[in-house]
Every structure is written in structure tokens, then in C-alpha cells.
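Peer 1: Take this structure, written in C-alpha cells, and hold onto it; I'll ask about it next.
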Amino acid sequence: MSITFVPTPAVPPVDASVDHAIQDIVAGTSTDATCATDLAAGPWDFDTRPGYGPGSSMGDVIPTGSPRQGELPAAYREASEEELDERVRAAKATLGDRVVILGHFYQREEVVRHADYVGDSFQLATAAKGRPDAEAIVFCGVHFMAETADLLSGPEQAVILPNLAAGCSMADMADIDQVEDCWEQLAEVLGDLDAEDADGRVPVIPVTYMNSSAAIKGFVGRHGGIVCTSSNAQTVLEWAFARGRRVLFFPDQHLGRNTAKAMGVPLEQMPMWNPRRPLGGSTAEELHDSRVILWHGFCSVHRRFTVGQIDQARAEHPGVRVIVHPECPMEVVDAADEAGSTDYIRRAIDAATEPTAFAIGTEINLVRRLAAQYPQHEIFCLDPVVCPCSTMYRIHPGYLAWVLEELVAGRTPNRITVSADVADPARIALERMLAAKPPVPVGA
Ligand code: SF4
């Protein structure tokens, strides 16, 4: 799998910063709109409130007991963007090869510019494996990503999440207790879940999206299941159908539905499992007849995209190429020209030889960065409102400066550790995914 090395251009061709766009909107110097003007406040403001904070996930319910970040010292909260930038650079230079900084595609520009690697969650966790010399891996993403990096890194390496409150609202929609309960109910309906039929297939194979907690990955590993990414979901479902009569897919219903539909599974054989209802809200007959049982989870960023936005993009930009992420609802994926992972989107734009208009259905930070990197194309977000992933947005540069300076001082803040009883089966589920087949390349 390829990893994107981040060049740091002395003068970026276009300001890709979503922060700057939001500040302009708040100051009244831009005609754009944002989904929440309090995005302009630092995350230390909304870290203290219940919920995920302003942005795409603000309406989602944050689970009880989610980690909270202690208050960041005033020196970081009150520092200017330029001062924080300088402090990050200085601390990183002092630490040298002792630290590696990973930046997710959806991360804000002020943080990503300091990353040694930029990519999706699995690319970044894999990148960390290539730096066994680094004592600390600073993961500028969200909680489940740091857990995955801990699973794949060496035992002596410390994986650090700069803001502990940077969770993922989708990953939090499937907790381990709900999944265990679902499994028990399925056993009551489908019988012994370990019993193989004449074809050697068990009643159900659990498949979890990478965007899930380590506990869920461990559950999947213990029950003969597998992990998937948005790049390889079809390959993984083929693997699962070879071993089971049906699949339990979580937490993202949209990725599961879009992938299975493309493989020819009828919608009526994809009942939903709502963990707050008996039998997930389905009948025993529907579960018996199912091929894919879809967990009632979604990404609030990708749920914002609509067919109306695609129609508008086509009306205003004749010939536009519409590419959306498979976490978008089915009708949006069906209406788009193409659907693919963040890496697919990046590669598709990179491969375009003629100036092209691209309307992209994924997180705004990635879209603006692509627009800055490929000025020969017209690249814009389908969503007309500036609305970043609110949980990723919690990694303000103030937190990055803080964790790096703590490392310089010999302390290791915000370490994310997965216990061995969870890590061992979770690694098995990840290894099954790697053995299934490499991710599907662009155009395949
Ligand atoms: S974009 Fe969606 S899936 Fe990704 S971290 Fe944000 S909430 Fe989670």
C-alpha cells in the first residue's frame, strides 16, 4: 500500500486551511457559510461541553465514559497560530527520529503540514510499522486510529493521541456490549453460530469496518471474522461469503449496503440491526433470509451529502465528474459518477491528464487540500457549507505543540494502549484482511 509523503511547500499555491475559511466567515469577510460559527473557537472551548462539538458530528450522542481531555495549559490556548507553528517545528526538530507524526487526510491544514506521513487510517498505521526506531508515534487522527497504530507498532513504541476527546462518532455507534448482545440474539434465532453446514459455512461472519474500536476488532477476531477498509470492502465480503451464509457488518450501514449492492445482494436481504430494539428491529424470518445484516451506524460527515447537491453541481458545472465516498447514502453513491475511498479519490484526481471539474463528496479538509495541490483542476466539495469532521477537528495545533514539548521534557502524555486480551484477536482480524487480498487499485 502506498504512503503519501507530505511536501511542505514554502508558499502553498492556495490557502487550503478550513480554519482560515471559518475565520473569514465569522468575520463577515466571506460569502461562504459554515455549519456552526462556534467552530471558530478553539477545541478547548467545546471539549468542556457534552457532545462531540460543533461540526458534522455535533448532533450525535457521545457515549457515557468517553475520554475527556484535561485542560490545555494557557500558554498553548492563548498562543497565536504562528507561535504554535514555530513551537511544533522546534520540538519536532529537537526530537528528530525519536518521533514520527501521522496526519489523517481529514485533519486540518495547520496540523497536517507537520506530518511525516499523510494518508487514511490504515495507511498511517502501516506507515508507523516502517519506523521501528521512533519511540513515539503522534497520531493526528481519532481514537480508533491510534488504537490500530498501537496494534501494529512495536511494544516499546508509544502511540499518542494529542487530544483524548478526539473520538469518532461512527465508531462509537457500535460498542462492545451492544455487539455481544447482538451476537447472543442472533444465536437464539440462527442456532449454533459455530456450526458449519454441508458447504463448510457457518451461519454468520462478523465484519467490522476499520472505523471501530479495538474491542470490536477483537470481537471479530475471536468469532472467525475480519476487518475491512473502504478500499477493500468487496474483497473482504467475498472472503466472508466463502466462509459464512451471511455477514454481520458494522458499524457503517452505508459502506456495507453500497458494497453488497454492487456485488448483487438484493436490498431486501440486507435488514438493519438497531441495537436499541429487540432483534435489531427485524423479524426472525428477515434475519434467516438475510445475506448482510447492517448495523445502524453512519458517518455524520458523509451523511450530509445529497442527490440534490449532485444535481446542482451538474447544473452549475456541465461535464463535472462527481466522486463520492462509499460512506455516503446509497442514493448518493448511485447518483455519482464514481464512488471510492479517500485514497481512490486522491488517485483519481492525480490520474486526470486534462483540466477537469471534480465535485467531491467527502470531508472538507481533504477536498480543500486537493484543490490546493491540483490547481489545474476545479475541485470543490459537494456540500456548499464548510463543515469539518468535528472529532478530527479537536486536534488543534495547540495540542500537537503540547504533546511534542511534553516528549521533549521526557514525559509521555495521552498514550493509547490496547490490552493484550483485545490486541491478540484484533491482530488476527487485521491479518485475515491483509491475507484476503491487497486493496483494490483505482480503476479496478
Ligand atoms: S469523518 Fe466520519 S468516520 Fe471519519 S472520523 Fe469523522 S465521524 Fe468518524
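Glycine is treated like the rest: Cβ placed from N, Cα and C.
Got these off TrEMBL a minute ago, pasting:
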type	residues	note
BINDING	HIS104, SER121, TYR209, MET210, ASN211, SER230, HIS325, PRO326, GLU327, THR342	iminosuccinate binding site
BINDING	CYS168, CYS299, CYS389	[4Fe-4S] cluster binding site
Peer 1: Would you list the other residues of this chain near [4Fe-4S] cluster - those whose C-beta lies within 8 angstroms of the C-beta centroid of CYS168, CYS299, CYS389 - in sequence order?
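Peer 2: Those within range, site residues removed, are SER56, SER57, TYR106, VAL142, SER169, MET170, ALA171, ASN211, SER300, VAL301, HIS302, GLU363, THR391, MET392.
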Peer 1: Taking ligand 1 as the reference and 6 angstroms as the Cβ limit (strictly under), which binding-site residues among HIS104, CYS168, TYR209, HIS325 are close?
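Peer 2: Near the molecule: CYS168.
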Peer 1: Given TYR209 (iminosuccinate binding site) and CYS299 ([4Fe-4S] cluster binding site), what distance in Å do their CA atoms have, once rounded to a whole number?
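Peer 2: Cα to Cα, TYR209 (iminosuccinate binding site) and CYS299 ([4Fe-4S] cluster binding site) are separated by 12 Å.
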Peer 1: Provide, as an integer number of angstrom, the distance between the C-alpha atoms of GLU327 (iminosuccinate binding site) and CYS168 ([4Fe-4S] cluster binding site).
Peer 2: 14
Peer 1: Do me a favour and check the Cα-Cα span between HIS104 (iminosuccinate binding site) and CYS168 ([4Fe-4S] cluster binding site); whole Å is fine.
Peer 2: 13
Peer 1: Including all protein chains displayed, how many Cβ atoms other than that of HIS104 (iminosuccinate binding site) lie within 10 Å of its Cβ?
Peer 2: 27
Peer 1: What is the Cβ neighbour count of GLU327 (iminosuccinate binding site) at a 10 Å cut-off, with all protein chains included?
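Peer 2: The answer is 29.
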Peer 1: Restricting to the record's iminosuccinate-binding residues (HIS104, SER121, TYR209, MET210, ASN211, SER230, HIS325, PRO326, GLU327, THR342), give me the longest CA-CA distance in Å as a whole number.
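Peer 2: Max span of the iminosuccinate binding residues, Cα based, is 18 Å.
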Peer 1: List the Cα distance (Å, whole number) between CYS299 ([4Fe-4S] cluster binding site) and HIS325 (iminosuccinate binding site).
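Peer 2: So the alpha carbons of CYS299 ([4Fe-4S] cluster binding site) and HIS325 (iminosuccinate binding site) sit roughly 11 Å from each other.
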